[in-house]
Amino acid sequence: MLILGSGSARRKELLESASIDFLLVPSDYNESQVAFEGDTLKYVETIAENKAKALLHKYPLDVILTADTVVEVDGEILGKPKDIEDAQKMLQLLNDKTHHVYTGVCIVSKDKKEVFVESASVTFNKLSTLDIESYIQTKEPMDKAGAYAIQGIGAKLIKQYDGDFHTIMGLPLKLVLEKLKDFNIVPKLK
């Protein structure tokens, strides 16, 4: 059985859209235990892997899938905003700039482990203070890395993106499905 170790509604929706059977069990791993030391890829890999390790001992016979997504702009890492003020700061940082989104993924069983990172770049439109405030009022940015959802209302903030759309959403679905085959997890036929 596949265990999705995530509280992310987006990751859940993506796996469901691929007709994968899974059990949703958010990992209780505290991400703040990992300090950012300048290497974004290593950072998201480590968090994804630690989330998986926290679940593997509870589900030793299953396959665990975990992920972590961050936004990097001007050398700064942006996770989920802590509050409205934090969301405003993040959106202002992203305003009229190109940034990078990194999603680290860990798929692990008792016999095997795959850890990888996918990235994409996103360019924001030039936003007014009112644009930012209006978007924050929707509440959409509050549980998203970088304080926006490319697949939601936040699409209006985006000028362009380069890379995999699902990576920006938080789970590089095509690559995850390929890797899951190695763990004998395949989509069910409808």
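Glycine is no exception: its Cβ is also placed from the backbone N, Cα and C atoms.
Remember, it's a predicted structure, so these values are computed and weren't measured experimentally.
Sequence annotations record features per position, and here Swiss-Prot assigns active site, proton acceptor to Asp68. Here Swiss-Prot flags Arg10, Thr69, Gln151 as site 'Important for substrate specificity', drawing on sequence analysis.
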Notebook entry, point to check: Among the recorded sites Thr69, Gln151, which residue has its Cβ surrounded by the fewest other Cβ atoms within 10 Å?
Noted result: Gln151
Note to self: Going by Cα-Cα distance, which of the recorded positions (Arg10, Asp68, Thr69) sits nearest to Gln151 (site 'Important for substrate specificity')?
What the structure shows: Arg10
Margin query: Tell me the Cα distance separating Arg10 (site 'Important for substrate specificity') from Asp68 (active site, proton acceptor), rounded to the nearest angstrom.
Written below: 12
Notebook entry, point to check: Could you tell me the C-alpha distance between Thr69 (site 'Important for substrate specificity') and Arg10 (site 'Important for substrate specificity') in angstrom, no decimals?
Noted result: 12
Margin query: Going by a 10 angstroms cut-off between Cβ atoms, which of the recorded positions Arg10, Asp68 has the sparsest surroundings?
Written below: Arg10
